[in-house]
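Engineer: Reproduced below are the annotations present in Swiss-Prot:
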BINDING   Ala3, Val4, His5, Phe6, Gly7, Ala8, Gly9, Asn10, Ile11, Gly12, Arg13, Gly14  NAD(+) binding site
Amino acid sequence: MKAVHFGAGNIGRGFVGLLLHEAGYEVVFADVADALISQLASASSYDVHEVGENPAVKTVSGFRAFNSASQEAAVVEEISTADVLTTAVGPHILKFVAPVIARGLAVRPADLPPLQVMACENAINATDLLHTEIRAAWDDSAGDLDAVAVFANTAVDRIVPNQAPGQGLDVTVETFYEWVIDRTPFGGNAPKIPGATFVDELGPYIERKLFTVNTGHASAAYFGYAAGLEKISDAMADPAVAAKVRAVLEETKELLVAKHGFEEAEQEAYVQKILSRFTNPHLPDTVNRVGRAPLRKLSRHERFVGPAAELAERGVTPAALLEAMSAALRFDDGNDDEAVELTNLLSELDAAAAVERITELTPTHPLFPALQKLVEDRQAEA
């Protein structure tokens, strides 16, 4: 069995690539980072260090690696005969890898079963987006795209912090992980990945992860940044910050239980597990790394506005989520492009226009007045 994986970074090596290797796949990494690909191509193995409860070191070997820009022909050939294709490149990069994937699918031998494609990105329905981008790049003379590939959405969860200098290809990750895959597109032929969980309805799991893990992690980052703390574990060790994060997750728990029918005790246990992960002192994750890209994190269907808007539509005032968004508006890390852009927007636009631009909500939405007040308060500080 062979799996082509786009994105040879820390998540690709320390999460998706590891699970594919453990499932028995020969992993072929594709990336445009030339130095990284050169390292992988010349290495026989790398280690994944799992830290936290039950720490372990796992070795990944038997992989190959290609530069998908300068060695495109080789990547196309690998895709044409692969069993599985995965990505961990970031949702905004999918449009750049789609043409290469389309070319690989176009020359896939007719006697092979459809390639099983799964985008493992920190975004809702990322595989649907990849499918759309591949279709846009598809040459209709090659036949029916859906005859040569099957696309399944996934939800992925593993904290992979910035790595210490000098680690080389080795990756440090938390022990916890979750890879949930929609089994329905595969019919009865789902890929054999023992480390993954296959479900018939993925939507509730995607939202549970996004509105608990991502919302909580970003909340800890922004509250921690406001408190002058450096690491996420430092932030969660601060009683005031921890209480604010807990309050945020109480609100998202209320929404998830009401909307998706999760048992309250089950969701509470999930929240407790997530909070314990954030306190892991072995993960040197910084508030600056987790808080980066605040504009994306404050967008309409993301981790803050998404649940807050739904709660407001249900007649609930999401006070804790609003406090987290207020902290996000104050994330002014000069090394982060989106933080700089956010600061500029807040100085250039009036409050109502800024809310519309940042959150994509209309002034008639029930959450809009509260967000406008947050922005007005932030602008008054400037």
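Glycine is no exception: its Cβ is also placed from the backbone N, Cα and C atoms.
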Engineer: Report the member of Gly7, Gly9 (the binding-site residues) whose C-beta atom has the most other C-beta atoms within 10 angstroms.
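Structural biologist: Checking each of Gly7, Gly9, the winner is Gly7.
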Engineer: Might you list, by sequence position, any residue in that chain lying six or more from Ala3 (NAD(+) binding site) with a Cβ less than 8 Å away from its Cβ?
Structural biologist: Leu20, Tyr25, Glu26, Val27, Val28, Ala82, Asp83, Val84, Leu85, Thr86
Engineer: Enumerate same-chain residues with a sequence separation of six or more from Arg13 (NAD(+) binding site) and a Cβ-Cβ distance below 8 A; give 'none' if the list is empty.
Structural biologist: Phe29, Tyr46, Val48, Val60, Leu169, Val171
Engineer: Just to confirm: which same-chain residues, 6+ apart in sequence, have a Cβ under 8 Å from the Cβ of His5 (NAD(+) binding site)?
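Structural biologist: Spatial neighbours, sequence-distant, of His5 (NAD(+) binding site): Gly12, Val16, Gly17, Leu20, Val27, Val28, Phe29, Ala30, Leu85, Thr86, Thr87, Ala88.
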Engineer: Through the lens of DSSP with three states only, how would you label Gly9 (NAD(+) binding site)?
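Structural biologist: Its secondary structure by DSSP: coil.
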Engineer: Excluding near sequence neighbours, so keeping only residues 6 or more apart in the same chain, what lies with its CB under 8 A of Ile11 (NAD(+) binding site)?
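Structural biologist: The list for Ile11 (NAD(+) binding site) reads Ala88, Cys120, Arg158, Val160, given in order along the sequence.
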